[in-house]
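> Just dropping this structure here.
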Amino acid sequence: SEMSKDLLPGPYPRTPEERAAAAKKYNMRVEDYEPYPDDGFGYGDYPKLPDKSLHERDPWYQWDQPDMRHNWGEPMHWDFDMYIRNRVDTSPTPVPWHTMRKHFLVFLSTMLIMFGLGEIYPSYRPVGPKQYPFNDLYLEKGGDPNKEPPVVTHYEI
Amino acid sequence: MEPTLLLNASMLITMTTLIVPMLLPLLSQKFKNTPTTITRTIKTAFMISLVPMSLFMYSGMESIISHWEWKFIMNFKIPFSLKMDQYSMMFFPIALFVTWSILQFATWYMASEPYITKFFSYLLMFLIAMLTLTIANNMFLLFIGWEGVGIMSFLLIGWWQGRAEANTAALQAILYNRIGDIGLILSMAWLASHMNSWEIQQNFSTTQTPTLPLLGLILAATGKSAQFGLHPWLPAAMEGPTPVSALLHSSTMVVAGIFLLIRTHPMLTNNQTALSLCLCLGALSTLFAATCALTQNDIKKIIAFSTSSQLGLMMTTIGLNLPQLAFFHISTHAFFKAMLFLCSGSIIHNLNGEQDIRKMGGLQKPLPTTTSCLTIGNLALMGTPFLAGFYSKDLIIENLNTSYLNTWALLLTLLATMFTATYSLRMTLLVQTGYPRTLTISSMNENNPTITSPITRLALGSIMAGLLITSYITPVKTPPMTMPTLTKTAAITITILGIILALELATMTHTLTQPKQNTYLNFSSTLGYFNPLAHRLSSTKLLNNGQKIASHLIDLSWYKKMGPEGLADLQLMATKTSTIIHTGLIKTYLGTFALSILIILSTQTQN
């Protein structure tokens, strides 16, 4: 059957009594209850829970719903479908975020710069200009047989 | 019998043999598949596919057949054409051989699975999609195969769908492959609009091919073949059962991206930018994957990263404009990589689900065949002379050393080759040798021929395949014949250096005490921080912004601002400015009368 009117979410709580009633409705303590700010976006009195994904909840505790790691009656996050175990993981990383970002960007930029350098100074087998015998084919190219041919030095790679 | 007819008919019979177990249960209620019948089907298909391969090896015959044309638009032809060339005729027997061995192994590995027939049917469907991709002569049929292998990969990685990690991994595979598919569809659209054909034969130009479609193809290969940038799905795909890892994510599916580049290599040949991009991307992938493999502790993840590294090597070969050599490496790699996965599956099952190599050791006496084949597989992977990997890998390194290319790409690939030896030896030492760190009571045995015969068959393949393929297939491009001794022995020297490095590190862990974390260890063991950075940042931003746009922006703007509240705001603004004049004094009203009369007079007297 449908939920009764007092169990459904309502408007933004303005007085402390309304806040207490809303906290009781959502099964939360009055100290923990914090609604979203009233800026016209339609949150009403829904509680603003910390942005922690379900990855951070204890995997070994006997939850009522083990796949959602959620107990019956516990208030769910507004964006709960973002924080399930198939989506965003907000659990703390072993290395802080800024260190991770810095190290990754250092790695990536080093690679890209070195690839750029590698393009400017490529590696290839040693090559040299073509060398012909008989004084660079002096006679075959139509040189004068009576004159002294120019001296040609050849190199060995 | 006429050879062309024999060739075409045997290839088609191979495909038909594979499709039959899919179709027959639909036609009659009495026919039911079992794992044994499916394995037998694949074995039959393998035997039949040896006919076209031997025909090709003997006479070099290739053929293209065209069955039917989808008359969709008048001036754009989409025929159902199949290309039986060197690549597809070689790939069919190899893929079928590997699949046969894996399915035989899976009858033991998945024996306790309630839906084992469905598992085998999924593997068969995957194989059909992969072979369609291989034999396709146009991009349309290739795309059908491409998407097919993607879907089957999703279903198979998430086989144990109750497990949230498996679902996440399957989703990762789909998303990363989709990003690659964007590139493929872009290239297909470009080809359709510029070349007016999706046939492989008609897509070439004598001048330089424009870079845009090639970038699309390279993006497709990056997604499917897990190059750096779109790589995280491959290690995550190890959540699937080991036969899935052995078939899809080592031998067949992940080479689909490289295979695409091999098929379209006439377009790549004359564009040096695309080739350099392939080279650099491949070099970066191979080094990154090898670095990550050094510090992994899960045996399947190590083998997954070694697959990723070898895929980078194949991409590098494409970048050197040597597609035939890349295909050769695909073929030899399929054998030893599938064998490595099967050996790891045997070890995992015998240790009752233990996948951490820190909890394995001294397995040579209880599991002699498995560990020997693991050693053979690792030696083949490292490129030990005259095993299968040597023929392809050594040739690639020789070509790298003697070509005009990016120096850093060369250095990275050599470094990755060294790391390959290191992590392979680390895995071998920790898994097989030393004092056993396993649980004390474990009933380990390999008495079952369904374990030993696939593994030994693949071991035979790992040893012989390289020699056989080199002997019978003539190379298309001239291989480098002369080079200095140092260059010739570069690969083996680097491998030996890697082995020495591994032995040094192994003794270091026993004698010296190291701090738990240092910068490089952290970088390597968390896979370069790529996974948390990319996954958390992009998905949080996308989901948050999507939520904001969908619920807040659209609801707020359309239902409120565009409707009543917006109108009310405009009215309010207008009235606020005009109520200043409503003072109630006659003087103000007389002033407005005078002003309006002046304006009317001035405008009237203008014309």
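Even glycines carry a Cβ here, placed using N, Cα and C.
In TrEMBL, annotation is done automatically, which means it is predicted and not curated.
Pulled these features from TrEMBL for this protein:
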- B:6-24: transmembrane segment (TRANSMEM)
- B:45-68: transmembrane segment (TRANSMEM)
- B:70-120: domain 'NADH-Ubiquinone oxidoreductase (complex I) chain 5 N-terminal' (DOMAIN)
- B:88-107: transmembrane segment (TRANSMEM)
- B:119-136: transmembrane segment (TRANSMEM)
- B:136-419: domain 'NADH:quinone oxidoreductase/Mrp antiporter transmembrane' (DOMAIN)
- B:174-192: transmembrane segment (TRANSMEM)
- B:274-295: transmembrane segment (TRANSMEM)
- B:302-320: transmembrane segment (TRANSMEM)
- B:369-388: transmembrane segment (TRANSMEM)
- B:408-435: transmembrane segment (TRANSMEM)
- B:423-602: domain 'NADH dehydrogenase subunit 5 C-terminal' (DOMAIN)
- B:455-474: transmembrane segment (TRANSMEM)
- B:486-506: transmembrane segment (TRANSMEM)
- B:580-601: transmembrane segment (TRANSMEM)
> What average pLDDT is reported by the model for the domain 'NADH-Ubiquinone oxidoreductase (complex I) chain 5 N-terminal' (B:70-120)?
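Looking only at the domain 'NADH-Ubiquinone oxidoreductase (complex I) chain 5 N-terminal' (B:70-120), pLDDT averages out to 92.
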> Would you kindly check B:88-107, B:119-136, B:486-506 and say which stretch has the most C-beta pairs under 8 angstroms to the transmembrane segment (B:45-68)?
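Answer, by Cβ pair count: B:88-107.
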> Return the stretch with the most CB pairs under 8 A relative to the transmembrane segment (B:486-506), choosing among B:274-295, B:302-320, B:408-435, B:455-474.
B:408-435
> When you scan the chain for residues with a C-beta under 8 Å from the transmembrane segment (B:88-107), skipping those not six or more beyond its ends, what do you find?
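11, 14, 35-36, 38-39, 42-43, 45-46, 49-50, 52-53, 55-56, 62, 116, 119-120, 123, 127, 130-131, 134-135, 241, 243, 246-247, 251-252, 259, 327, 330-331, 334-335, 338, 342, 345-346, 450-451, 453-455, 457-458, 461, 465, 469, 473.
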> State the non-local partners of the transmembrane segment (B:302-320) in its own chain: residues 6+ outside its ends, Cβ under 8 Å from one of its Cβ atoms.
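The answer is 221, 225-228, 231, 234-235, 237-238, 245, 249-250, 254-255, 257-258, 261-262, 265, 268, 275-290, 292-293, 296, 326, 329-330, 333, 337, 340-341, 344, 357, 381, 393, 396, 399-400, 403, 405, 409, 413, 416, 419-420, 423-424, 427.
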> Using DSSP, how many residues of the domain 'NADH-Ubiquinone oxidoreductase (complex I) chain 5 N-terminal' (B:70-120) fall into helix, strand and coil, respectively?
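The breakdown for the domain 'NADH-Ubiquinone oxidoreductase (complex I) chain 5 N-terminal' (B:70-120) reads 29 helix, 13 strand, 9 coil.
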